[in-house]
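Trainee: Annotations for this protein, taken from Swiss-Prot, read as follows:
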DOMAIN    1-59  domain 'TGS'
REGION    240-531  region 'Catalytic'
BINDING   Cys332, His383, His508  Zn(2+) binding site
Amino acid sequence: MKIKVKLPDGKEKEYDRGITPAEIAKELGVKKAIGAVVNGELWDLKRPIENDCELRLVTLEDPEAPEFYRHTMAHILAQAVMRIYGKENVKLGIGPTIENGFYYDFDIKNGRLTEEDLPKIEQEMKKIIKENLPIERKEISKEEARKLFNNQPYKLELIEEIEGDRVTIYRQGEFVDLCRGPHLPSTGIVKHFKLLSVSGAYWRGSEKNPMLTRVYGTAFAKKEDLDNYLKFLEEAQRRDHRKLGPHLELFMLNTEYAPGMPFFLPKGVVVLNELMKFSRELHRERGYQEIFTPLIMNEQLWKISGHWDHYAENMYFIEKDEERYAVKPMNCPGHILVYKSRTVSYRDLPLRFFEFGRVHRYERSGVLHGLMRVRSFTQDDAHIFCTPGQIEEEILGVLDLINTIYSQFGFTYRVELSTMPEDHMGDEAIWEKATTALKNALERAGLSYKVNEGEGAFYGPKIDFHIRDSIGREWQCATIQLDFMMPEKFNVTYIGPDNKEHRAVMIHRAIYGSLERFFGILIEHFAGAFPTWLAPIQVAVIPISEKHNDGAEKIAKRISQEGFRVFFDNRRETLGYRIRQAQTQKIPYMIILGDKELESGKISVRTRTGKEIKDVDLEHFVETLRNEVLSRKLELLMEG
């Protein structure tokens, strides 16, 4: 029987059913093929093709290649661990690819791996790569699989959850794994890898299950790419907010008494207040009204909103006076109650409510991560209530606000628009009109965007913003979400020109997203060296010796009186130590004062990067500092 295969150049060819991409690659002269994409699915090079399809061969240069070779590298890792520790002593978990790498989970009898074990595992992996073992894909019955993995309890659990009667296994040498693939044709194709770290991970992510040992690694087709990535990881580690935050006395975490709930220290609160002050100024200019809604509200509210049915496992509850209350996981129901507290006319719209609302959401302890993944956080939440005809202009206004805020921190960003899914609620005509309004606003704002067809929430289309930090990482922060569900559930209406009730449109939006998470991103973006307007301490005044203390203190007070955050460092430490301390604390400016400065009335200024500016008039410095802070400059003006 023949099948038709359509190639990327549009040509169709007929082949015998069961032909493999490897045979097609040989015919086409593509010697470097490592796999294929068949009807959009990643496909092993030696896997037979049974039906008509579109086919594109994959080489190591293609964007799909890492999925093949990193998946194979995860199997090489597992094979190496079983060789070293003994097949009978190692129970295998799962070993998927992840962004920029892979991992494998192990349950090892009589002990756990540590990072000290990684070099010997790498050496064994190199041997397996050198052996260049052929990798064979095979479909077997579940009964055969149960016998094959009879000493692998985690694999047996996975087998029972797979639909159908057959499963896929992969074999390389003596190693066999339950796996969907895809994989390389053999173990020797990609040689450039590095094992990165070891951590604990509960089986299936549940604290009720055994703790396994997770080994992370990465792999690249080219050594140069691997080396560059390892340098990137070093830089990311240097910027890690979990290290910098406590070092700079910005925040602390207490996993014993408040897991996932950060404590912000005085210096951190300064930064948070500056972020909120900046945001409030912009919101006031744009006609937003700030409100504050209760942290705890009756269960009936959450039943109406749907959170009770669909989100209860992520919520915290309180029972008092035979009434049940929930700590709010979201701000929107509270904003709706404010809207509904009076009759709203079409003349009142749009109404823009804004809140720095503290919310609580339960997250498993295993996924908590510094400020990035927490259980208690503050959202810069706003809800816009408007008529259908006002959607486009309101979205345009939000886009401008987002751009203004992100530009202030030096962020670039990319935009994604997610449209109506199959399981949507509401009339399709309303969806189409709303989606068109979002597209028009994006185009009027001059923003390029990617469309994710059918990936919107069931209650409305949305726009997501992914900001890029100073080392190129992306973070999803701002969201603009149209909501057709909440106005229905809460009967959110306005009185129209016809004196009748009409359904209002509700737009959710957040820009920082989580204030805590945004703070963490900023710490890493600036490597702790905040621009002066954000810096917890803006100026350190350092007398050279005790005899200069009085004069230095007067200068410190003069600068402080102008509203700047000043640290007068007259500690009985060496001058060099105090300067180094100011630099490690990332203080933008240091004023060094000795005999010469106090006699001349001129100051010596040193920036945190080490640049020295001598004979500076104090009033000139104050004025420069004022301009730098008021205009929220990213750079230090005294370095210009």
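In case you wondered, yes, glycine gets a Cβ from its N, Cα and C as well.
For the listed features, I'd like the structural context: burial, neighbours, distances.
Mentor: Helix, strand and coil counts under DSSP for the domain 'TGS' (1-59) come to 8 helix, 27 strand, 24 coil.
Within the same chain, residues at least six positions away from His383 (Zn(2+) binding site) with a Cβ under 8 Å of its Cβ are Asn331, Cys332, His335, Ile336, Tyr339, Arg352, Phe353, Met506, Ile507, His508, Arg509. In the three-state DSSP assignment, the secondary structure recorded for His383 (Zn(2+) binding site) is strand.
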Trainee: Could you name the residues, excluding Cys332, His383, His508, of the same chain that surround the Zn(2+) site, i.e. Cβ within 8 Å of the Cβ centre of those residues, in sequence order?
Mentor: Met330, Asn331, His335, Ile336, Asp381, Ala382, Gln481, Asp483, Met486, Met506, Ile507, Arg509
